[in-house]
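Engineer: Checked TrEMBL, it gives:
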- 50, 107, 140, 324: S-adenosyl-L-methionine 1 binding site (BINDING)
- 56, 60, 63: [4Fe-4S] cluster binding site (BINDING)
- 62, 63, 64, 167, 179, 204, 238: S-adenosyl-L-methionine 2 binding site (BINDING)
- 41-278: domain 'Radical SAM core' (DOMAIN)
Ligand code: SF4
């Protein structure tokens, strides 16, 4: 696979952490619709819960998340009050008591929360939901602000997985992205986490950042593997200053070009595999002992807003400003402005602002896209049968794969589509053939590589 293919195809396609993707959500899904959907949830449906903490104390210039910089704790504390009230509103709308097996805290920086507030919110959650004994409680952790006492408080709150953003270990790169985080800091925090029984460690690495080169990427991978995380995500920096104005602080002339990005990506992938990690999809890696590596073998890998996951819950409830969740009926996203979010809650209304109700066609395509993204192969006949559709429904979509097939990116064998090993970096492109919304609406996406 060469640079030619990178140049040939328009790789600005969605990451498919949902289908339909968020740009196609509409305002028809509001608090009243969400309340009705919650009330219809069958008893016994296992839940996942996602919490968004949209605060950080300093802006990293590469950041693509929805977050707000705060220098005082008061706004965080106020937000927490609204979050606790939202938990009550949602639990009241459910037709009974439900169990939760996966809890995920993202942001922003969830570790802006003080230890006492972790305890308050986990107590509230256990009061309103049956958090199972084996529940995974995952937190995105900023190592720059963590102390051993703080890690102990996370342990007391029940946290058992931590995701650590690393980006790069090179001081010049760190300076160019306004995130100074020495390797020793990351290493120390991981030691504290393990010492306090938070033994499931994810690390997020980046390529395509200013001043990065292949030598630095190789060193970054080696140092990361020395720390033996259970999972590693490898993200390409998406430079979208028209959407994220703080990215204008990154000088474009310091960014690697497409050919160099490709070299960095392929080097990192080959190095991670050579050092024993199992490639998941195209940008995630799991230690061979990790449950995610096992899920690949058994076809039980899934994809949601956190990327690849072993979480198979049919419903994820999103809490907090801008949080997205899903129910069997469709996707729901909360109000993004903090004021609108808390105003809705304190008026006793669920703060849902947008979403999409899934049609039968959406559900069919969602399953096809998820299997391609997770398994790199799908039998269209099987999925059509499960959804009561004729395979002929997809004739036009399959025809779109002809050029990809001619270039060795995938094969089409009767009703089975398979992404080739060399075609892995293009898996989003293969999945996009089944996206009925692509090209409509306002989606503008980052490059696949
Ligand atoms: S800590 Fe994370 S969420 Fe906050 S600005 Fe940095 S990258 Fe973005």
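Cβ from N, Cα, C; glycine included.
Keep in mind that TrEMBL annotations are predicted by a computer and have not been checked by a curator.
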Engineer: Go through the binding-site residues 50, 107, 140, 179, 204, 324 and tell me which ones have a CA within 10 A of the CA of residue 60 ([4Fe-4S] cluster binding site).
Structural biologist: 179
Engineer: I'd like the Cβ neighbour count for residue 140 (S-adenosyl-L-methionine 1 binding site), meaning other Cβ atoms within 10 Å of its Cβ, all protein chains included.
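Structural biologist: Counting Cβ neighbours of residue 140 (S-adenosyl-L-methionine 1 binding site) within 10 Å gives 22.
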Engineer: Please go through the binding-site residues 50, 60, 63, 140, 324 one by one and keep those whose C-beta falls under 6 A from any atom of ligand 1; give the result in sequence order.
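Structural biologist: Cβ under 6 Å from ligand 1: 60, 63.
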Engineer: Which one is closest to residue 107 (S-adenosyl-L-methionine 1 binding site) in space, judged by CA to CA distance, out of the binding-site residues 56, 62, 63, 204, 238?
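Structural biologist: Nearest candidate: 56.
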Engineer: Starting from the Cβ centroid of 50, 107, 140, 324, the recorded S-adenosyl-L-methionine 1 site, name every other residue in that chain with its Cβ within 8 Å, sequence order please.
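Structural biologist: Those within range, site residues removed, are 51, 52, 53, 104, 105, 106, 108, 110, 305, 306, 318, 320, 323.
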Engineer: Taking the domain 'Radical SAM core' (41-278) alone, what is its mean pLDDT?
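Structural biologist: Summarising the domain 'Radical SAM core' (41-278) by its mean pLDDT gives 95.
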Engineer: What is the interatomic distance between the Cα atoms of residue 63 ([4Fe-4S] cluster binding site) and residue 238 (S-adenosyl-L-methionine 2 binding site), given in whole Å?
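Structural biologist: Between the alpha carbons of residue 63 ([4Fe-4S] cluster binding site) and residue 238 (S-adenosyl-L-methionine 2 binding site) there are 9 Å.
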